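Now, the feature entries from TrEMBL:
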DOMAIN    30-286  domain 'Glycosyl hydrolase family 36 N-terminal'
BINDING   TRP200, ASP367, ASP368, ARG444, LYS477, TRP478, ASP479, CYS480, ASN481, CYS527, ASP549  substrate binding site
ACT_SITE  ASP479  active site, nucleophile
ACT_SITE  ASP549  active site, proton donor
DOMAIN    646-721  domain 'Glycosyl hydrolase family 36 C-terminal'
Amino acid sequence: MPILFDAERRVFKLDAKGFTYAMMVYRENYLVHLYAGAPIPDTDLSYLMYRGWFDSLSPLNPQVEDPNFSVDIQPLEYPAGGAGDFRISALSVRGKAGDAVTDIRYVSHKIYQGKPALPGLPATFDREGAAQTLEVETLDAVTGVKATLLYTVFEDYPVIARSARVENTGDSPVNLERVYSACLDLPTMGWDMVHLYGRWAKENTTVRHPLQHGIQAIHSKRGMTGPNHSPFLALADHTATEETGEALGMSLLYSGNFAFDVEVDTRGCPRVLWGINPEEFRWRLEPGEAFQTPEAVLVYSANGLGGMSRTFHHFYLDHLCRSQWAKKKRPLLINSWEAAYFDFDDDKLVEFAKEAKALGIEMLVMDDGWFGNRCDDHRALGDWWVNEEKLKGGLSSLIQRVNDLGVQFGIWYEPEMINPDSDLYRAHPDWAIGVQGREHSLSRHQCVLDMTRQDVRDNIFQQMADVISQNNIAYIKWDCNRHISEAASAQLPPERQGEFFHRYVLGVYDLMDRITTAFPHILLENCSSGGGRFDPGMLYYSPQIWASDCTDPIERLSIQFGASLCYPIASLGAHVSASPRAGLETKGRVALCGTFGYELDPRKLTEEEREMVKAQVADYHKYYDLIHYGDFYRITSPTEDPFLCDWAFVSPDKTEMLFTRVVMRRPPNVYQPLRLPGLDPEKFYTDEDTGKVYSGALLQHGGLDLSSYGRNELSDGDSLVKHFVAR
Ligand code: DGJ
């Protein structure tokens, strides 16, 4: 049984594969956190609730009759604010008396097989019966607010999925002011925070720094996740490397305003909270109403950050990406954006398809510019009817011509947006998000549609469904090119405007759910000015996300390495473009560390380049399973090493490795074999290129001799690959 309740000690013990988590119900029904880490067999863990010294200024509940117990210093499962715990709190409810004191205590629990879906939200799932769930019910006796804490343990992964459901069982309305998805109270601050920051064209840059006393946080309040921070945080012990040491990975299945807050108290005990950003959030619960938080995922790794990432990769492909394309071979595509921008017509696209077909490419994606009078980015968002001046003969005729060449067809949408210069805006100006009496700020000349509204979603769904159902469309790129300002909905009463941002995200999820349910055959790729909404909430609907508008292969290294901390390689949208830095060979190798595709004018390729593209297409097929379903090892980090970037994919049975090196800047001539992780020391591997045989032990401990390649001969932007196969 992965979840045990020791009734005598009132201890809950959750045993995922390679990960133990424990909490207990203490006197007066306080729910106290005990442990999260490496597997342990014991259940008598109650002494773990005492951490550091007692602070004499901390409030005591006399009924507890324990002079060492105070909610201000004990580790708590889901701390609430105002009743003696002065650290950051996960829950804060303002009741009818106007105060925000919240004091939740254990009431009951249940344990059952499987994993519940979360209404209206993306959530991990259990298709194989490999999960068990614990629901712990807690109650604030004064307001009647019930908080049910959900924990799902996955037997096949060191993962626990958590969320909270808050219900108003009282007789008066209450306002939720903070309602995080999870809390983790740890005993020591010997951890580094590892997280991802960025901006447009520079998403997912890894940063690592030690925890400090006080509060440190990663937030979004853009209405979307944004490229600035990812809803992901790892704590790695100070000595942890890619392959050794402990790491705790925390991820949030949410695409809106999020917060990861870490407070290290005076005793050096960190508290981590992650969930919806409480800034600009307030949710009114009428009696009988309930609120479900987004899901938080917690991963434990005893094998460093690399082990943590591999767990996320496999777990998200198996238990989060619900698309039929998650583990089905995806078509190799070419996208029109960087090849043509807005300057295309049906004939040009057919020429692209013809050239692409000759190269072995399987799908043409028509990007922005096919609808309304969209001749540039100033107009037409919201008018999802086909521009027949550009696509003469209409969309069906174009798709037929492309399909006749043996090429599938994909299309671009930006469903959440509206330009003031559009028929939709002229008909429904109130559908754009805005505050009465204030000017709309524009970004890329556009406004955001009020996705909290059913009528808006119905309209966009119908416009999309009309096009999709009448045409042979195999793929959609769902773009989103601005964030939300002047946030308010014309349909929400003043006392509910604090709900706007979360309702917006629920609206987007609803529309994505409707599109993917109505057209399950469609491969959906998310995008937000590049990788601006690269988050696990989106992965639930779309198994791949365009990682960045930066297609420079050297810059892409840090973007893809960073994203790989939490997101599967199979989800990282990566294309070969005409970007001038580095040759076609390196561009192909970098894009192969992602979904792989093209984003260039195929008519402009030289004969030599065409041959190389054909070879890359062959590699895409040859290494598809290894890259999509294998284990990914980051070896030399492009943000840590000034010269080189190295990575490898190893097959699950360890019979195959694909190693890649990219020279960002030619290093000085030094001789240093590179140790390759992940291989079976007992197996013997043949270098496919040279025929030389190595034991896994030699490659792992002695290293691979790259002196005649990288260190001496490869120059800036060059790369090499090595394919090892076990005999
Ligand atoms: C931003 C995306 O990231 C690009 O790939 C492209 O689709 C443009 N939008 C189109 O407007």
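Backbone N, Cα and C define each Cβ position, glycine as well.
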Under 8 Å by Cβ from TRP200 (substrate binding site), counting only residues of that chain that are 6 or more apart: PRO227, SER529, GLY530, GLY532, ASP549
Tally of DSSP helical, extended and coil residues in the domain 'Glycosyl hydrolase family 36 C-terminal' (646-721): 12 helix, 25 strand, 39 coil
LYS477 (substrate binding site) in three-state DSSP notation: strand
Cβ neighbours within the same chain of LYS477 (substrate binding site) - under 8 Å, at least six residues apart: ASN335, VAL365, ASP367, GLY410, ILE411, TRP412, TYR413, GLU525, ASN526, CYS527, TRP546
Of TRP200, ASP368, ASP549, binding-site residues neighbouring ligand 1, Cβ under 6 A: ASP368, ASP549
Neighbour-count leader, CB within 10 A, binding-site residues: ASP368, ASP479, ASP549: ASP479
Local confidence of the prediction over the domain 'Glycosyl hydrolase family 36 N-terminal' (30-286), expressed as mean pLDDT: 97
For substrate, whose listed binding residues are TRP200, ASP367, ASP368, ARG444, LYS477, TRP478, ASP479, CYS480, ASN481, CYS527, ASP549, the greatest C-alpha pairwise distance in Å: 19
Cβ neighbour count within 10 Å of ASN481 (substrate binding site): 21
